[in-house]
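Record features, source TrEMBL:
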- 278-301: region 'Disordered' (REGION)
- 29-49: transmembrane segment (TRANSMEM)
- 69-86: transmembrane segment (TRANSMEM)
- 119-137: transmembrane segment (TRANSMEM)
- 149-167: transmembrane segment (TRANSMEM)
- 173-191: transmembrane segment (TRANSMEM)
- 212-229: transmembrane segment (TRANSMEM)
- 235-257: transmembrane segment (TRANSMEM)
Amino acid sequence: MAFITKYIYQLLHDIFEQHKDPRVQHLPLVGSPLPVLAIIAGYLALVLYYGPKWMANRKPFNLKYVMRVYNAIQVLANLAIFAFGVPSTYMRKEFSLTCQPIDHTNTERYMLNTIYLSYGYYITKYLDLLDTIFFVLRKKNNQITFLHVYHHAGMVFAVYAFMTFLAGSHATMLGIINLFIHTIMYAYYFVTSVWTIERSLWWKRHITQLQLLQFGYLFIHFLMPIVRNHCQHPVILSFVGLIQNLFMFALFFDFYYKEYIRKPKLLAREQQRKRQQQQLQQQQQLQSSSQTPSQQQQQQQ
């Protein structure tokens, strides 16, 4: 058993040393996966067990003003990285939309800008973990779903892997689109924390639709190097990206169907049932009021 463990460790170490990007190894939380895995493990333990247990006999925290500041920071951070990221990537002829290679030797200014902007995006994934912690502190445990936790924890590790091995590669598009979506999403959260939710509720459904479009396009984006791999992008990485986005599309579509298609239908049926009951009661009351006292006595007998 010890031999197998040592062999696996050595194999992973060799793969890591062979494929790591030397341009980013000096950055915090890039390189060794151990700190990242420790943070993810701590996050999962906190939001799935220790946090809810600690809050069980406590009142929910009022985090209204904290969350306003948090949402405003998220909007500004995601918008700024997106605004600087697009000109550094897909607005340049050197950056390919259809097949962007992995090139650890590229140290041109636009590429270094892209790498450091990608690192900023990476840090926002850790900031996103506060979403779930706020759920715990507000006792919104019904919102701590598999989709939510898997997405947040998975994005931290996925973007870690991107920064460590794939910075400036074909997967850069994931960050660009995700920054745009998150700018809109956190703007929605900010607006609904300032004004009554009825005034901005119509955004919510469209945000989920944008997320579905995001995963649909990224599926196509990762399919491109498989169909025409003129940049020698590793097919296995494209395939992993393709499958992951298909899986995320399925999870988000399941949420969309339950929340915006099935739920309104069930509510409509329940409202119709209540209306029918009210109409029946009104008819019975009218019939009762129209009867003479002798007729009412006969019915009672």
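Using N, Cα and C of the backbone, Cβ positions are placed for all residues, glycine too.
When the stretches 69-86, 149-167, 173-191, 212-229 are ranked by Cβ pairs under 8 Å to the transmembrane segment (29-49), first place goes to 149-167. The stretch in 119-137, 173-191, 212-229 that contributes the largest number of Cβ pairs under 8 Å to the transmembrane segment (235-257) is 212-229. Relative to the transmembrane segment (69-86), the listed stretch 173-191 leads the set 119-137, 173-191, 212-229 in CB pairs under 8 A. Nonlocal intrachain contacts for the transmembrane segment (212-229), taken as residues 6+ away from its ends with a CB within less than 8 angstroms of a stretch CB, comprise 98-99, 170-171, 173-174, 177-178, 181, 235, 238-239, 241-242, 245-246, 248-249, 252-253, 256.
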